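Asks: Take this structure first; my questions come after.
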């Protein structure tokens, strides 16, 4: 009995099912075991469990039963019997044998045959070295709910290793390389956590055949013939946790080929050896329940991707590629997958010069690699079945893009061979902690590429039904906003896949004129447009500004399609049709290479643009070669911008140039600007915060033979500059902002009358006195073509506004917009305006806000309101205030009943009470203004009850973009907050809401918050 007890572990591991059954038959004949006991043992699924059952039963039956058991064992497995008695004919493994075996493994793990590997498969002769190309992975420890618990380093994983350890990750995440790295670290002795292991075995499960002993012999070791399988396996058993198995690729493992390795993972508690096994996400479900530690391979870090690129590419290629990645958000995201980094590097190898490959090229390479690399997994499948499955995968991706779905259900794959898509790596299957599995493409961008590839094949198919299907998808793209957001990448990859598909796409895009929803377009996030409150956008309606941003995005989308397209010269006409009438924004600090190609390859397309906007920035001076330099021997204007515009053989219709934050301007800068300015028929120049340009503006203007618009903002001017401005007689637009210097005789206001062609004049926050205002009024009488006048934030001009208003309105004119905001407007000036309103019949925008009328203000305002019916084209009305002005509200609303086209209304500081606000609410209820966008009711005296009553009419303003209900010390009732929240949820175009002075707590704010800007302080 003691002998059997002492050797029970070896017996359990090595008897085998055949021997067990033979022994059971004899013990049954000898009446040691009964029928039921034999059936129980034979019914065990695993041979080790059967062996364990036999031994436990025999030990319970006493010494005679034990002797009969050993007698039968000697008969049926003589080598094992002899070995247990120390009489084995085979060599027993000594410590020296183990040391030799370990040394042999270490030699192998440090040899070129192990360290050098083919990252793209052996069919592609591109080789990496594990020592030089390995980068530290990001690992995530998972909890029992399959949630990420904490981040681990490789050393952290090894320090806290539990067995079995399962490492999961999608294809291309570097799982195999990780296990190879562990083997290499063990061999080098550099990792303290691995020194406890006597033996480390790295096995590729895709090549596992036979038993564990046979697989080790086949992949790693030449085990001496004198060491039997039983001896070797028994030794591994005794070493327990001093043996580490690195099992790579459970997703490619055929368990029936090697049940011992399957048991090593799933019955690890019996083997006691340490195991790390890798698998893809979709195969995790087969072994997840057996894992003591589960870790996910996370995204590759930016620094790791950079290190890998610099290691495998020539220095100049690496620099060019890193620059390309830096410029592309899509590429930066894709670089989080190691295999994609490898592909991006691989397609540059063997080239004599760097080629900036398109995203489509990279994805196409990746797609084809997946299909070809895994073709051995599709043996036995008909090519037609594979093609059908791939087409369905493309349709799935395409439908997902249109429905914004990036997760798919089993029903979505009901008509396809799921295994084809999973084994090729096109789809990943997620089952952990899910009642139903979820399917995803490995990356959202890859789904969009697969969709674009499929759409391209549909549009160019020889089958009419498929072409119709493809065109049907194009017809779903009916608005610019959807094309530039939802479908931009889909179109990018469609055009990158086929020139003929590009032709079809461009023809469709050229016919798209609907803007679609402008919700989500932010004027504050685009460099093309001034960053200011929605309330201050008085030059045009908010919708028009958003539409301009939308068109600019549409142009950028078209240029991206040009850059991605396979053939551009053959598509010149289609591109020209698309770009005609559109605008383009260029940042001179970051001019992409493809713009040079665009100008050179499709010059007619660039000249077809309505206007091009170009921004220049001051700061550290750069030398002519482009390097920054603090000495003023260099320039601010990049020579790259000069090359782009001056070398171009055609002309833009309009060039809009902005100079920002220039502290100086050299002669070279001015010469560069002249070259750039010459590339357009018409020039718009905007100078913003250029403190150092005082005295230089005249030199700049002298180079502008074609300037039609000049805006100067927060940039000081000398007398010479002002005089030169008024000498540019072809100016059509002039704007001066934030100029707080004393006006000198003979300057701007004295000579404005020289600008006979001026159509738009804007003077904002400039220092003027009454005498300057008088001279300005005299000059205005000569400006017969004026259609827009904005005078804002002018103080200390005394009665100067009386002269200006009289000059403006004395004779019939073409003025369409007048803004006299915060500019000392008097009651007398308003009376004059009212009396002469018939001379301003074409006026559509009248803004007199931020003015307090003192003497005769009430009477003047009533006169103006009484004559508003003259302005049949009125869209914007912003009124001043005075004492007891609210009594004029009823008459104002009577007049506004005739103005259904009203877009903006301002009654700031009218001191409206609950009674008046109810009247205004009834007006909005009875007169739905379809295009109404902005409402300013700040500074009124309305209670919660008044605002609540106002809501029923207010909610009819469906197109509202901005409103201001600011007041002093209003503590809103809960019912008002709830009602306002309900109304806000209906106003889907809202961009900004101002409730300054409303005493709102955190609960109120959380209820009111939406997709708009909420200003409460």
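A Cβ is built for glycine as well, from the same backbone N, Cα and C atoms used for every other residue.
Heads up, here are the entries from Swiss-Prot:
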{"type": "DOMAIN", "residues": "1-88", "note": "domain 'CARD'"}
{"type": "REGION", "residues": "95-298", "note": "region 'Nucleotide-binding domain (NBD)'"}
{"type": "DOMAIN", "residues": "163-476", "note": "domain 'NACHT'"}
{"type": "MOD_RES", "residues": "533", "note": "phosphoserine"}
{"type": "REPEAT", "residues": "578-598", "note": "repeat 'LRR 1'"}
{"type": "REPEAT", "residues": "755-778", "note": "repeat 'LRR 4'"}
{"type": "REPEAT", "residues": "817-840", "note": "repeat 'LRR 6'"}
{"type": "REPEAT", "residues": "841-863", "note": "repeat 'LRR 7'"}
{"type": "REPEAT", "residues": "929-956", "note": "repeat 'LRR 10'"}
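Could you place these features in context, so I can see how deep they sit and what lies close by?
Replies: Per-residue confidence over the region 'Nucleotide-binding domain (NBD)' (95-298) averages 85 (mean pLDDT, predicted model).
Same-chain neighbours of the repeat 'LRR 1' (578-598): 327, 356, 506, 509-510, 527-528, 548, 551-552, 554-556, 558-559, 562-563, 568, 605-606, 608-617, 637-638, 640-641, 643-644, counting only residues six or more beyond its ends whose CB sits under 8 Å from a CB of the stretch.
Among residues of the same chain six or more beyond the repeat 'LRR 4' (755-778), those with a C-beta under 8 A of the stretch's C-beta atoms are 709, 711, 726, 728-743, 749, 784-794, 796-801, 803-804, 806-807.
Using a Cβ-Cβ cut-off under 8 Å and counting only residues 6 or more beyond its ends in the same chain, the repeat 'LRR 6' (817-840) has close neighbours at 538, 787-802, 804-806, 808-811, 846-851, 853-857, 859-861, 863-864, 866-868, 870-871, 876, 878, 880, 882.
Below 8 angstroms of C-beta separation, residues 538, 812-828, 830-831, 834-835, 870-885, 887-888, 891, 906, 908-909, 936 of the same chain, each at least six residues beyond the ends of the repeat 'LRR 7' (841-863), sit close to that stretch.
Sequence-distant contacts of the repeat 'LRR 10' (929-956), counting only residues of its own chain at least 6 positions beyond either end whose CB sits under 8 Å from a CB of the stretch, comprise 534-535, 541-543, 849, 875, 878, 881, 900-915, 917-918, 920-923, 962-967, 970-973, 975-976, 979-980, 983, 986-987, 989, 994, 996.
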